[in-house]
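Some features that TrEMBL has for this protein:
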- B:7-429: domain 'THIF-type NAD/FAD binding fold' (DOMAIN)
- B:19-24, B:Asp43, B:51-54, B:Lys67, B:112-117: ATP binding site (BINDING)
- B:Cys153, B:Cys156, B:Cys429, B:Cys432: Zn(2+) binding site (BINDING)
- B:Cys168: active site, glycyl thioester intermediate (ACT_SITE)
- B:314-366: domain 'Ubiquitin-activating enzyme SCCH' (DOMAIN)
- B:558-569: compositional bias 'Polar residues' (COMPBIAS)
Amino acid sequence: MNGEELTEQETALYDRQIRVWGADAQRRLSKSHILVYGMKGTIAEFCKNIVLAGVGSLTLVDDRAVSEEALSANFLIPPDESVCSGKTLAELCCDSLREFNPMVRVSVEKGDLASLGAEFFDKFDVVVISCCSLATKKLINEKCRKLSKRVSFYAVDCRDCCGEIFVDLQKYNYAKKKTDGATECELQYPSFQEAISVPWRSLPRKVSKLYFAMRVIERFEEAEGRKPGEICIDDLPAVLKLKKELCEAQSVNESHVPDTLLERLVMGAKEFPPVCAIIGGTLGQEVIKAISSKGDPVKNFFFFDATDGKGMIEDISNPNLES
Amino acid sequence: MASLQHSQAIKGAKVLMVGAGGIGCELLKTLALSDFQDIHIIDMDTIEVSNLNRQFLFRQSHVGQSKAKVARDAVLRFRPHINITPYHANAKDSNFNVDFFKQFNVVLNGLDNLDARRHVNRLCLAAEVPLVESGTTGFLGQVTVHVKGKTECYECQPKPAPKTYPVCTITSTPSKFVHCVVWAKDLLFAKLFGDKNQDNDLNVRSNDAARSSEHAGDAFEWSGNEDLEQYGRGIYDHVFGYNIELALSNEETWKNRNKPRPIYCRDVLPDRMTQQNGNVDRTDDLSSASAMASLGLKNPQDIWCLMENTKVFLEALKLFFTNRRKEIGNLSFDKDDQLAVEFVTAAANIRAASFNIPLHSLFEAKGIAGNIVHAVATTNAIVAGLIVIEAIKVLKKDTESYRMTYCLEHPSKKMLLMPVEPFEPNKSCCVCSKTPLSLEINTHRSKLRDFVEKIVKAKLGMNSPLIMHATALLYEVGDDLEENEIANYTANLEKVLSELPPPVTDGTVLTVEDLQQEFTCNIHIKHREEFDEEKEPDGMVLSGWTQAPPEKKDGKTSIGNGASTSRSLPTKVGITEIDIEVKEISDGIVSPGTKRKLSEFSDGSTVDQSSDVDETRNNKKTQKHDDDDDLVMLDHWDGNMSKKRRSP
């Protein structure tokens, strides 16, 4: 046994999950520090999971005020008192999350995520962002990568019945379980910038269509100067036009990105609660794996679409990056 | 496809949730967020500390309160304007009858035991209400849809029986720690603290039955004024010393086995414990409720040495007699009873030491003794999301898109969530297809009581059965019976089948019916003289409720009715080895798919992480094509076929 032992209180509370991932993983969890940004439904689900799991601390960043839309899939905010309270989204969610597990320190950090410096990010082991623009995703990912210690980075988004998780664990070592004991494995992850720059032509034909569709939407919102999710059915013609251009530039057939899928994503900028639960649950599991260095992590995208029900892992890495 | 999200069907729906536990909390939250307006929820349980790590609607201050009611209040905090009706009751109560079920558009299960699942399945079939069923173990989970006449019912595939062990393995020849735990819990604990009138195999199995039970009579009875440590040492020496010596005297047993060694208390703990821990003054609750606390043992994950186990054994026994004397005689093992877990852990470890089996921590012993299901919030959240998606499809009557979905721990074909087309009803299912069963039984030796307990209740899962032989009633359960009827049925229970009025013999057809479940079953009786005690411990064999023969349907979406235990949900007890044959149909070309082996362990042992996904072989055979609507399908499951496929 290394490090401190779990207390009696921890053993009683975490009994059922220690039986899943072991006391050692539980100790690592209790010493980990998580940062999240973008307090919508998916992140609310994720925060619930990770607080219940018993991480050391969780820091919430989101200075936005409560809106109808922010409430739609978020069970952390009681609707009546929230609107006029003057509290930010992060502050409201923080109150609820603290109740879930008194052993986890849940706190709020104010400020604009993009302007927070390296010394801020250095405090965390895991950074999870949601509802961010393309530029912000790239920026935060790069900040995490420049730190002297390894920080696990996740970017997550849910639109309509679809969800996407991007994972960057940089150079990651973990114990892969085999029938007879465990073996050490090493994975090399590309950055977000590298991952979305992989030429579409080089990807296998059966790669999730959602990957392409999300890139089109991301680019559209960026080009139009929209906030993430600030899109509606009226934008569809322009989105389809952008899709055509991107497909041409990437020399792939337009059928790579079905119009019906783009239409769904454009119309349903709102999150669908069951998908938030599925994406937030999967993300929770991935973060627990990464903290405990146990179990095969997703490399490097996870996609779910409720219309076909598949939860797919896609490895979208630049082939030149292979080490 | 019309958006699942904005379905009118949701707002008008009335749904019943059975279970407000791990899956239930997540499900109620997701239903409320998804705009469901009228939700009824049944759960008989109250909240415990070990629920709080995943059942996020509950707090420490709620411990002891009704899960259904607290869950309702918690959800109303963020969705104040919806209707949630809680029932703090057993789903098997008679007021939850077919008429009750008929008021709902869909029933959603978040249960933790086979019995209740079967019961709800039957009521849903009788009330013709669609059922979405679910289960999780650790990172594994599944969601299935059961719609009468369209998809298989929950019982179309025989469920794996709870793991049982041959009696003599437990009483005489344990080889694994679990055997020692079963011995400590079901025999020793039951003998000392349980109902004295219950049959107990603790002694009767040794070679010299008469002698040993005579001896036992002295050892197990506490005279009332005997010193408690002395009494404890007496029991200790009897079960770990004397009984082992006795077993050793039977040379035949140990020809091919390692001999156990007898352990006597004086050799492990020569001196009396006499308050050596200075806890004379300590009269706090903790040290009187826990031998660990009173002995100063802290970490439940530590493995105690033989001496520590001996101390815990003696101390726990003493605490039972000093603080809980009133309960003695009525106690049954409960995983949440700290003192009971301590006693069973210590006793199992001492027995393990005797048989040279590795010792285990209290934490591990508790998991085994309590059949504790591994559970985490994330899997429950994912499964709840999948349940809601299926529920919406059911409400929209979108039959074509129903799926059963597996949550996997290791990706198969790049999938962590794997949807599969539902199976057709099994034509030989005795529940939804009313197929008759046959029972081999010794009609001259088996009593009606054996038939009721081992077949009607245990195998057929009936609560209030009625048994008929042609038009004659042999047995019935109910509140409205006359006294003479009750006397009559009670007398019948003790009669062997061939002496019942009218006699049940070879060729008789019995009709067994559960009026609440509206489930009837015909059983053909076949007389048989002998049964193998180890392989057929019930002394009777029920058959006919089997896998449907493989049968191909036409078209691309064809899937088999074949049986695979893969579709069984993790049950509370027992180990389910599940095999999923994954097939991909591409342009009509059937490729030998990925063979994936999942193990669902729900009995406290470690989750098997082995995975033999043969990706290379799979990739080679996979055809590339544009249509990405390929479905993953479960193949007919047939032992021979799968063997063939395994060796290319």
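Using N, Cα and C of the backbone, Cβ positions are placed for all residues, glycine too.
Automated prediction, rather than curation, is the source of TrEMBL annotations.
Feature map: TrEMBL annotations on the structure.
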residue	record	Cβ within 10 Å
B:Gly19	ATP binding site	28
B:Gly22	ATP binding site	26
B:Asp43	ATP binding site	25
B:Asn53	ATP binding site	24
B:Asp112	ATP binding site	22
B:Cys153	Zn(2+) binding site	24
B:Cys156	Zn(2+) binding site	26
B:Cys168	active site, glycyl thioester intermediate	14
B:Cys429	Zn(2+) binding site	22
B:Cys432	Zn(2+) binding site	23
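Taken residue by residue with DSSP, B:Cys153 (Zn(2+) binding site) is part of neither helix nor strand, so it is coil. Reduced to three states, the DSSP call for B:Asp43 (ATP binding site) is coil. Excluding B:Cys153, B:Cys156, B:Cys429, B:Cys432, which define the Zn(2+) site, the same chain contributes B:Leu125, B:Glu152, B:Tyr154, B:Glu155, B:Pro425, B:Asn426, B:Val431, B:Ser433 within 8 Å (Cβ to the Cβ centroid), listed in sequence order. For B:Asp115 (ATP binding site), the same-chain residues 6+ apart in sequence whose C-beta sits under 8 angstroms from its C-beta are B:Lys92, B:Gly461. Put simply, B:Cys432 (Zn(2+) binding site) is 38 Å from the residue listed as 'active site, glycyl thioester intermediate' when counted between their Cα atoms.
With a threshold of 8 Å between Cβ atoms, the binding-site residues B:Gly19, B:Asn53, B:Asp112, B:Cys156, B:Cys429, B:Cys432 that neighbour chain A are B:Asn53. For the domain 'Ubiquitin-activating enzyme SCCH' (B:314-366), DSSP puts the residue distribution at 35 helix, 0 strand, 18 coil.
In the three-state DSSP classification, B:Cys432 (Zn(2+) binding site) falls within coil. For B:Cys156 (Zn(2+) binding site), the nearest of the binding-site residues by C-alpha distance turns out to be B:Gly19; the candidates were B:Gly19, B:Gly22, B:Asp43. A mean pLDDT of 87 is what the model gives for the domain 'THIF-type NAD/FAD binding fold' (B:7-429).
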